[in-house]
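Novice: From TrEMBL, here are the annotated features:
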| type | residues | note |
| --- | --- | --- |
| COMPBIAS | 60-78 | compositional bias 'Low complexity' |
| DOMAIN | 94-217 | domain 'Alpha-D-phosphohexomutase alpha/beta/alpha' |
| DOMAIN | 250-353 | domain 'Alpha-D-phosphohexomutase alpha/beta/alpha' |
| DOMAIN | 362-483 | domain 'Alpha-D-phosphohexomutase alpha/beta/alpha' |
| REGION | 60-99 | region 'Disordered' |
Amino acid sequence: MMALNSIASRPTSSLLSRKLRNSNGNDSSLAHSSLSFFNPTPLFSNISFRNASPSPLLSAPVRASSSSTSPSATVANSQELKIKSVPTQPIEGQKTGTSGLRKKVKEFMRENYLANWIQALFDSLPPEDYKNGVLVLGGDGRYFNKEAAQIIIKIAAGNGVGKILVGRLANGGFIMSASHNPGGPEYDWGIKFNYSSGQPAPESITDKIYGNTLSISEIKVADIPDINLSQLGVTNCGPFSVEVVDPVADYLELLEQVFDFSLIRSLISRSDFRFTFDAMHAVTGAYAKPIFVDKLGASIDSILNGVPLEDFGHGHPDPNLTYAKELVDIMYAEHGPDFGAASDGDGDRNMILGSRFFVTPSDSVAIIAANAEKAIPYFKTGPKGLARSMPTSGALDRVAEKLNLPFYEVPTGWKFFGNLMDAGKLSICGEESFGTGSDHIREKDGIWAVLAWLSVIAFRNKDKKPGEKLVSVSDVVSEHWATYGRNFFSRYDYEASLILCYFECESEGANKMIDYLRDLISKGKTGDVYGDYTLQFADDFTYTDPVDGSVVAKQGVRFVFTDGSRIIFRLSGTGSAGATVRIYIEQFEADASKHDGDAQIALKALIDLALCTSKLKEFTGREQPTVIT
């Protein structure tokens with residue numbers, strides 16, 4: 001969630017998703033679901049631009065003075081809004097990726113860059129979706145959120161929105177975040193729009209937004225003063241208002257409906273169980289103490305990097321073995337904690353660790369699904385269905401088969417899970433990119449995943465007396481493999497942002513590699529031999545939505561072999577520049593005597609085959625991946 005005032009994130013997306021979904025009358029049992037969370041830290045005060053020219057939208061004449069009437073309510077004045085038409089021109093490169101529009105901060109600071117995209121969004125929506133309605137604004141507290149919030153608020157008011165809030169019911173919402181990407185003046189910023197039920201906007205909307213960015217000529221801006229977003233309460237500007245709320249209580253209320261907090265507390269409070277959560281100086285830092293310490297009884301020392309910072313403490317808020325090194329070192333030390341977890345910039349991703357043990361995201365969602373009915377009250381009648389992104393390993397497929405549950409394979413991007421959830425077909429889902437969630441909201445939720453794992457461990461140890469050996473994270477995973485088999489899995493990332501060359505050149509090489517692979521699979525046939533592997537089929541993944549029939553093509557080049565092994569190639573759309581090449585390698589192993597092997601050793605033949613087949617070095621010049629998962 002994100003914070004508007006430090007818009008707290010999955011704590012932002014979560015709150016926003018909850019609020020939006022409830023406005024449609026869905027999931028009424030979770031009456032306070034929403035998308036945006038504001039953390040209590042006042043990060044949106046004292047607006048100023050640094051190292052860039054400010055947008056003229058932030059220097060609009062102020063016609064109404066703001067006066068505070070109480071800590072819970074402020075009033076600017078009650079006169080009608082004056083709407084200005086600001087001339088503008090199209091700006092190239094504003095097509096959204098898999099999770100919104102992400103660019104360097106300096107790009108968004110260009111005159112009208114953000115404003116154009118926001119206006120194009122309103123031009124793409126039916127007026128009934130926002131006129132006199134309520135929209136939620138959230139963010140992860142990163143650099144530039146303060147300035148961006150004021151731009152979004154004024155354009156929303158200029159287009160007839162009735163209210164902006166992090167509050168109860170809403171028609172849609174903005175998330176200001178570049179997720180797991182670094183923050184700060186030299187790094188990344190992002191914006192995306194979540195639609196009516198809280199899910200990320202579908203491609204039918206994002207395609208319209210992009211089309212409108214190519215022809216935009218004016219921006220509608222309300223002539224109102226900057227709103228004080230550092231104070232809880234309501235600011236009224238004629239028919240338009242902004243309400244700032246503390247999201248922690250709302251999110252906590254939702255979580256208490258999903259999980260058995262007394263069960264989790266019984267585990268965390270044990271003297272023989274040690275827990276560490278790394279917020280990575282990101283948005284979940286605002287939630288860590290209220291949830292893990294105050295509510296569940298963890299020691300305050302168990303929270304690592306718990307203070308949200310605009311630049312994430314000069315770190316890269318991506319919870320994986322490379323960027324969460326501080327936590328990894330703690331968990332792999334002698335006599336390290338029993339359970340460790342981390343979340344990313346906006347709180348939607350998660351990493352789960354045991355003592356000297358890493359749980360892959362693909363295994364994580366499968367194990368949550370396998371144990372959900374017994375360990376998590378929200379699923380007491382069983383999950384409705386399970387789903388994963390196409391590159392994610394087949395571990396979840398095996399759980400769905402054994403539990404006789406509907407199963408869905410979708411493209412990368414959380415928006416593809418939303419339709420299935422709204423149709424009542426899906427309860428638990430995940431992506432290999434450290435995203436895990438359920439239909440309690442319409443976004444992935446890092447804290448939810450941590451609590452789900454704590455629930456599983458707590459359930460397995462609920463009858464353990466002091467002094468008895470506890471069932472560990474590694475025990476749970478090993479038992480799962482013994483039941484379902486192990487899907488050895490690894491992902492190699494070649495990130496463009498770390499390459500010392502022009503991003504356009506890097507993107508060109510990556511695109512040529514994908515074009516080469518597409519040509520290769522067009523000529524391939526069943527029975528072709530690749531080293532020690534025989535091809536079952538190869539394709540460029542196409543998805544047909546079982547709910548609305550929409551079709552999405554070119555979602556990743558797949559080589560699937562007769563033994564079930566897979567190699568997948570795709571370009572990531574979550575960066576702010578260039579192209580990140582991702583290679584996914586998977587191989588199933590039923591023999592329990594081989595389950596404890598190292599994934600890189602077990603997959604070496606497939607990894608070598610992937611690099612050889614793709615000619616990655618030839619096309620991109622890269623010899624080593626940036627990140628190995």
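Glycine residues also receive a Cβ, built from the backbone N, Cα and C atoms like all the rest.
Unlike curated entries, TrEMBL annotations are predicted automatically.
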Novice: Give the residue counts of the domain 'Alpha-D-phosphohexomutase alpha/beta/alpha' (250-353) per reduced DSSP state, in the order helix, strand, coil.
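Specialist: The breakdown for the domain 'Alpha-D-phosphohexomutase alpha/beta/alpha' (250-353) reads 41 helix, 16 strand, 47 coil.
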Novice: So what pLDDT does the domain 'Alpha-D-phosphohexomutase alpha/beta/alpha' (362-483) average out to?
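Specialist: So the average pLDDT across the domain 'Alpha-D-phosphohexomutase alpha/beta/alpha' (362-483) works out to 96.
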Novice: DSSP on the domain 'Alpha-D-phosphohexomutase alpha/beta/alpha' (94-217): how many residues come out helix, how many strand, how many coil?
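Specialist: Secondary-structure breakdown of the domain 'Alpha-D-phosphohexomutase alpha/beta/alpha' (94-217): 44 helix, 31 strand, 49 coil.
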Novice: Summarise the domain 'Alpha-D-phosphohexomutase alpha/beta/alpha' (362-483) as counts of helix, strand and coil residues per DSSP.
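Specialist: Final tally across the stretch: 60 helix, 16 strand, 46 coil.
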